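First comes the structure, then the notes that go with it.
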Amino acid sequence: MNGWRIVPRRSAADRLRSPDSLWVNRDFVWFISGRTISQFGTAMTTFAIPWLLLERTGSAAQTGLAFAVGFIPYILLSLPAGVWADRRDRRRLMQGADAGRLVLLASIPLSQAFLGHPPLLLLYAAQAGVSALSAIFDAAYGACLPNLVSPNHLPAANNTLQLGSSLSRTVGPVLAGAAAGAMGAANTIGIDVATYGVSILTLLCIRRPFASAPARVRRGFASEVKEGMAVVWHIRPVRYLCLFATLINLVGPGMDVALLYRVQHELRLPSLWAGWVMTGLGAGMLAGSLAYRVLGGRLRSWLSASAAGLVVPPLLLAFIRTPVWMVVVQGAIGVLLTVWNVQSVTLRQTLIPDELRGRCSSVFRLFAWVSIPLGDALAGIVSERWGTGVYFLWACAVLGAMAAWTRRANLELAVDSGGGPAPPVTRTPAAPS
């Protein structure tokens, strides 16, 4: 054969069974299965509750207020939840949070069955309670993944989790829109209730510990929170990512409120169209996750590129009224967000030690998400009084300022050829760690 040797091409099944494959890790398979199923239900509830509020009140301001009420407990509990995630059993924290959310959301379809419709106070209370429990779950969830997979699998694991989330975002709103039309928005939430039960069971099946070592000797609560804040601030890439995420979240979630109001009140389209518009974001995130698997090792300066790209979609949405094009623009937003998010999360997990990861993740989310309630409430008020086009122009201005700031910061997040995180490339001296 003139020295040439034919190497048979491995099938997809062989690659999955390979010792270096992420999928031979059964604990991760259980973890992603429960997480993806739970996120599928959450995607349906994220559509169903705002739609239910719009049906009951017809007010975008009330819907925006509900979003804000849903985030205030999350913000208030973020720092305590981070300390608990570093002190206590992370698995039990996650299971307890899932059980609490199951009970709270089950009250909505039950009230529909016995009272004819859920009281508005119950909807607000459920939003607040689920938000508080989500803060606890997310603090433990964000800290445990590096203990369930090897370091070389961490970027792939984060991307796979993002892929599962994207699939949920893609399918969930469409089915939620159809289900809301068929059996009502309140009963649609019952599907999410079942998915929390599945999540609890899958967490029970994981054998590996959720922390690398037993919790160290406890110090004062304030001292531990201060330590987490100091780490986030002194690691320059983490600090910049936190500031950029805060600006994105000031307008991003509010765009969903504005789109729902446009579909229901400005265009007067059926609920199925609202589901498709929300699905556009999930489809774009799915495409972004798949693209990361191919291009993750080749992309550089993604933070700057995505920040510049995010200026365009709200500018287009300010003038687009055709539902199909609204779906397309949502998809573009999803693509831009996903690869940046995977790189950002992996970099944080790599740079922050395990014993600090719960607190640092919570500090990051606190500062990154503190702008969401203000943005949601503002989106509802502006959309109702001056129209959704005005809100999208405001979003474009905010994201434009962020893009300019990103370029001025001269921060680049590089990934090596293997797809894993490389040290951050900076053109200015990094802050002391």
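Placed from the backbone N, Cα and C atoms, the Cβ positions cover glycine too.
If you look up TrEMBL, you'll see 28-53, 65-85, 240-261, 273-295, 302-319, 325-342, 363-382, 388-405 marked as transmembrane segment.
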Are there at least 3 C-beta pairs under 8 angstroms linking the transmembrane segment (65-85) and the transmembrane segment (363-382), leaving out pairs fewer than 6 apart in sequence?
yes
Taking residues 6+ outside the transmembrane segment (28-53), which of them lie with a CB under 8 Å of any CB in it?
22, 59, 62-63, 66-67, 98, 105, 108, 118, 120, 123, 126-127, 141, 145, 148-149, 153, 157, 160-161, 164-165, 167-169, 171-173, 175-177, 179-180, 185-186, 188-189, 191-196, 198-203, 205-206, 257, 260, 264, 271, 274-275, 278, 282
When you scan the chain for residues with a C-beta under 8 Å from the transmembrane segment (325-342), skipping those not six or more beyond its ends, what do you find?
155, 158-159, 162, 166, 169, 248, 252, 255, 259, 262, 276-289, 291-292, 295-296, 299, 302-303, 306, 309-310, 312-313, 316-317
What same-chain residues lie close to the transmembrane segment (273-295): Cβ under 8 Å, and 6 or more beyond its ends?
43, 47, 51, 156, 159, 162-163, 165-178, 180, 256, 259-260, 263-264, 267, 323, 326-339, 342
